[in-house]
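Take a look at the structure below.
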Amino acid sequence: RIMRPDDANIAGNVHGGTILKMIEEAGAIISTRHCNSQAGEPCVAALARVERTDFLSPMCIGEVANVSAEITYTSRHSVEVQVNVMSENILTGAKKVTNKATLWYVPLSLKNVNKVLEVPPIQYARKEQEDEGKKRYEEQKLDRLETKQRNGDVIFPVINPEPHTVGYSQSSLIHLVGPSDCTLLGFVHGGVTMKLMDEVAGIVAARHCKTNIVTASVDAINFHEKIKKGCVITVSGRMTFTSNKSMEIEVFVDADPFVDEPRERYRAVSAFFTYVSLSKEGKPLPVPQLLTETEDEKRRFEEGKGRYLQTKAKRQAQMQQAAQQ
């Protein structure tokens, strides 16, 4: 579809959340279609996790986004979907890849939303493809468990914070989950949640820099629990790390079940977003250094630095490998 002004920021760059929502819609369609390809209980595929995705090139108002999806691995109860996003300038015909993402879905029964159904297997062209997929499946399963275990943090307001501190830029958004946000099962679309997360992360980055900012990448997004229609969700974001030209922002989603639910608030989704600051000409700008004040902030900064260096080393290794080929 064509990118409209309400899909973009004031500089004309399409929001990362808009692209994430399109990616999830494509993944949900193909995985739901596959899970209903054989006789059995009808189901809807629910998003469980999005692997790290890089925003390779900005997309702008007036360009056409072409999103394609392919199932690359199935386990007994989950589906791996690879999604590619291509942008096209319809005035010049120029095309470029803007995003590549890997998503994991589980099929939930339409009759019983707590029942996970079995996934029809796919045919692999080579045995190696199945082995590689199984390895990715085991890795994401372990990472999801580790992420859930460290999800106890909350964000508290800070009175009169100093500029460039964590408290100065931290932000929260409260949203009532309505019918238009939900799947056939009455739970929030993963794409809707990711779009809200990107909005909050963007506000944090803009407050810190006071410049035009764009999403550079998103670390793995883990959907720990479903969010039901009628819940009030709080999407919170805080700066965790800054390098010379990038910012890492931790975002998590807490759900309050208000309608016919005695349950306490719970952590539903968590992720790390990375943003860059751009000039009016679209050139990267230096990012103000994050001022850490508490021991927890300093610990989170060092953890973010470790993720940054790990990603940088991985990217350099990929470039060297590509150059050798």
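For all residues, glycine too, the Cβ spot is worked out from N, Cα and C.
Given the structure is predicted, the values throughout are model-derived calculations rather than measurements.
What TrEMBL says about this protein:
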type     : residues : note
ACT_SITE : Asn9     : active site
ACT_SITE : Asp198   : active site
COMPBIAS : 296-306  : compositional bias 'Basic and acidic residues'
COMPBIAS : 316-325  : compositional bias 'Low complexity'
DOMAIN   : 1-111    : domain 'HotDog ACOT-type'
DOMAIN   : 167-281  : domain 'HotDog ACOT-type'
REGION   : 294-325  : region 'Disordered'
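When the alpha carbons of Asn9 (active site) and Asp198 (active site) are compared, the span between them is 12 angstrom. Break the domain 'HotDog ACOT-type' (1-111) down by DSSP state and the numbers are 23 helix, 52 strand, 36 coil. Comparing the active-site residues Asn9, Asp198 on other C-beta atoms within 10 angstroms of each C-beta gives the minimum for Asn9. Across the range of the compositional bias 'Low complexity' (316-325), the DSSP-based residue counts are 9 helix, 0 strand, 1 coil. Residue counts for the domain 'HotDog ACOT-type' (167-281) under DSSP (helix as H, G, I; strand as E, B; rest coil) come to 26 helix, 54 strand, 35 coil. The residues of the compositional bias 'Basic and acidic residues' (296-306), classed with DSSP into helix (H, G, I), strand (E, B) and coil, number 11 helix, 0 strand, 0 coil. Mean pLDDT across the domain 'HotDog ACOT-type' (1-111) comes to 95 in this model.
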